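S.K.: Can you read through this structure? Questions will come right after.
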Ligand code: WT7
């Protein structure tokens with residue numbers, strides 16, 4: 001029996017909460033039993049130009065997969081995030097911006113946000129960007145990133161944000177796939193006192209094949225270092241100067257695309273997930289309000305980057321749709337030193353902090369004293385996202401960061417889901433450290449065995465979702481077939497999340513991690529295939545196999561087995577060169593932690609690499625290697641064990 005480690009909902013939290021225990025149960029039941037009526041009630045969270053009469057019209061049937069919500073509704077996302085708040089809160093701060101350097105900050109009110117977005121929207125129009133065009137954003141964490149997203153939304157253009165840590169090659173692939181007309185970037189980004197040459201990377205990306213769709217490059221001046229200037233380039237400040245701050249909003253159908261966001265899969269190139277306007281925004285607003293129990297006046301900080309879905313939904317769209325004050329942090333929690341996170345909380349009086357287990361573990365490694373420069377008395381609620389949070393990190397987060405007073409909502413979701421799927425609600429659901437707890441409204445999870453049979457009660461299996469929810473990605477940009485194959489073909493009639501999961505006797509869900517060949521490194525998704533194809537492109541490499549292994553801070557580290565070409569001798573120098581190769585090719589997040597030379601890889605007789613065995617060797621679990629008799633050459637395994645870590 002496991003120890004009962006439970007944190008019941010506390011009185012104070014329950015009292016002020018939007019949703020208490022009884023409401024959760026009633027609303028959840030209604031969302032499953034009378035979904036149309038349930039969702040019709042929620043529509044008021046947004047301002048619609050045309051209120052939809054149609055609710056969910058999705059189908060998960062393999063031959064006719066379609067995700068469609070509120071299809072006769074019309075609205076504009078930027079209007080919902082800005083204009084509709086102007087009557088009541090024009091002078092309230094919308095975006096609190098904290099620079100990388102602690103001496104730099106900005107407070108942008110809703111009135112100022114309206115003007116900045118209006119000017120840029122007019123500027124974009126003057127460049128010929130219009131409804132339906134795609135725009136790639138490759139930007140630092142500066143207010144202009146939010147302006148750019150919202151300016152696109154205002155005129156009906158589709159943004160595709162590429163994380164500023166990705167390499168020119170990765171950027172080029174995403175520009176090409178999305179067919180972007182315009183790229184918005186900055187001269188340099190500043191993170192932890194270091195500069196990343198974003199504009200140079202864009203130049204580099206644009207010399208690659210297939211990126212000639214790009215007509216203009218808009219450059220924000222941030223770092224201030226000189227940059228090479230190309231014919232397509234245009235300064236952001238020059239474009240918006242003299243533009244009117246009034247720009248009429250484009251009325252969009254609820255199913256018109258709002259953005260594309262790329263994420264890694266187990267095979268092939270990254271997938272551009274398409275999110276649409278109505279369902280996404282409603283789900284973003286609703287989850288932000290209920291899961292973080294957001295009330296007027298709260299200061300809310302999601303410490304993610306806008307390059308990920310977490311930043312899209314919970315820095316920009318969710319909070320702004322709710323008229324919130326959202327904090328945007330350019331830097332990293334370890335700069336100038338490890339006290340920064342707490343200092344930022346105190347500086348702005350942050351009430352709600354949403355961050356990742358990897359950040360918690362990084363702080364925890366420095367001991368309890370790490371936050372002694374701050375009090376963090378303003379905090380009321382903590383949130384976790386990106387990977388399972390181990391109970392030890394949960395307790396530290398609770399005890400040290402939250403002074404033992406703040407509930408933690410562990411939110412399980414994905415780029416594909418747009419918003420939270422399984423999560424606690426602070427006023428309604430008792431917490432169990434390490435569990436994402438219970439499904440959000442309208443979400444119907446199930447656990448399947450490998451044959452696709454649904455498991456009842458306490459069980460472990462493949463986590464699937466049985467019906468659509470409004471924030472669900474509609475398709476993969478330009479490749480609906482891949483969308484169907486990836487998410488709807490393993491089992492009939494359900495969405496396959498790719499995660500393994502256990503449900504306990506109380507019906508609580510415990511995510512156990514990816515069951516496909518996707519790594520989760522510091523809460524970021526990486527396909528093993530992507531890293532392998534990068535490695536085999538190196539002249540010295542004959543073959544490579546990549547697996548994850550338990551890493552104290554990052555959750556998973558990247559462990560690489562490399563077979564060299566016959567004429568190449570292994571050396572430490574070559575190891576360093578290969579690590580650098582991957583870093584340049586994909587980005588710093590994909591940098592291998594360990595490289596092991598492998599004279600041969602364990603393969604089945606049909607030539608399939610047995611990753612299960614490689615994972616065990618990487619993790620140092622040498623006793624339970626399981627059945628190796630089906631290997632073409634079982635001797636390979638002993639050889640790998642013998643040379644482990646060398
Ligand atoms: C994968 C999705 C959702 C935004 C950040 C990552 C893992 C995410 C949790 C959590 C356990 C989690 C899953 C999921 N994951 N949150 N609270 N507990 N696992 O988005 O890059 O699309 O990755 O992250 O494995 O499938 P993403």
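Just so you know, the numbers here start at 1 and follow the chain as drawn.
Glycine too: its Cβ is placed from the backbone N, Cα and C atoms.
What TrEMBL shows for this protein is this:
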DOMAIN    24-81  domain 'Acetyl-coenzyme A synthetase N-terminal'
DOMAIN    83-468  domain 'AMP-dependent synthetase/ligase'
BINDING   191, 192, 193, 194, 310, 522, 583  CoA binding site
BINDING   386, 387, 388, 410, 411, 412, 413, 414, 415, 499, 514, 525  ATP binding site
DOMAIN    530-608  domain 'AMP-binding enzyme C-terminal'
BINDING   536, 538, 541  Mg(2+) binding site
MOD_RES   608  N6-acetyllysine
S.K.: Do you know offhand how many angstrom separate residue 583 (CoA binding site) and residue 415 (ATP binding site) by C-alpha?
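M.R.: Rounded to the nearest whole number, the Cα-Cα distance is 23 Å.
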S.K.: Would you pick out, from the binding-site residues 536, 541, the residue whose Cβ has the largest number of other Cβ atoms within 10 Å?
M.R.: 541
S.K.: Around the Mg(2+) site (536, 538, 541), what further same-chain residues have their C-beta within 8 angstroms of the site's C-beta centre?
M.R.: 534, 535, 537, 539, 540, 542, 543, 544, 562, 578
S.K.: Of 386, 415, 514, 541, which is closest to residue 191 (CoA binding site) if I measure between C-alpha atoms? They're all binding-site residues.
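M.R.: Sorting the binding-site residues by distance from residue 191 (CoA binding site), the top entry is 386.
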S.K.: Give me the DSSP three-state residue breakdown of the domain 'Acetyl-coenzyme A synthetase N-terminal' (24-81), ordered helix, strand, coil.
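M.R.: Output for the domain 'Acetyl-coenzyme A synthetase N-terminal' (24-81) reads 29 helix, 7 strand, 22 coil.
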S.K.: If the criterion is a C-beta within less than 6 angstroms of any ligand 1 atom, which of the binding-site residues 191, 310, 413, 541 pass it? List them in sequence order.
M.R.: 310, 413
S.K.: Could you say whether, by DSSP, residue 191 (CoA binding site) belongs to a helix, a strand or a coil region?
M.R.: strand
S.K.: Which of these recorded positions is closest to residue 538 (Mg(2+) binding site) if you go by CA atoms: 194, 310, 386, 522, 608?
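M.R.: Comparing Cα positions, the candidate nearest residue 538 (Mg(2+) binding site) turns out to be 608.
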S.K.: For the residue listed as 'N6-acetyllysine', what is the tally of other C-beta atoms lying within 10 angstroms of its C-beta?
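M.R.: So the Cβ neighbour count for the residue listed as 'N6-acetyllysine' comes to 11.
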S.K.: Please list, for the domain 'AMP-binding enzyme C-terminal' (530-608), how many residues fall into helix, strand and coil according to DSSP.
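M.R.: Secondary-structure composition of the domain 'AMP-binding enzyme C-terminal' (530-608): 24 helix, 27 strand, 28 coil.
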S.K.: If one looks at the chain holding residue 413 (ATP binding site), which residues at least 6 apart in sequence have a CB under 8 angstroms from its CB?
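M.R.: Same-chain residues close to residue 413 (ATP binding site) (Cβ under 8 Å, separated by 6 or more) are 309, 385, 419, 420, 421, 422, 423.
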S.K.: Round to the nearest Å and give the CA-to-CA distance linking residue 608 (N6-acetyllysine) with residue 536 (Mg(2+) binding site).
M.R.: 17
S.K.: Which site among 192, 193, 388 has the most other CB atoms no more than 10 Å from its CB, taking these as binding-site residues?
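M.R.: The most densely surrounded of these binding-site residues is 388.
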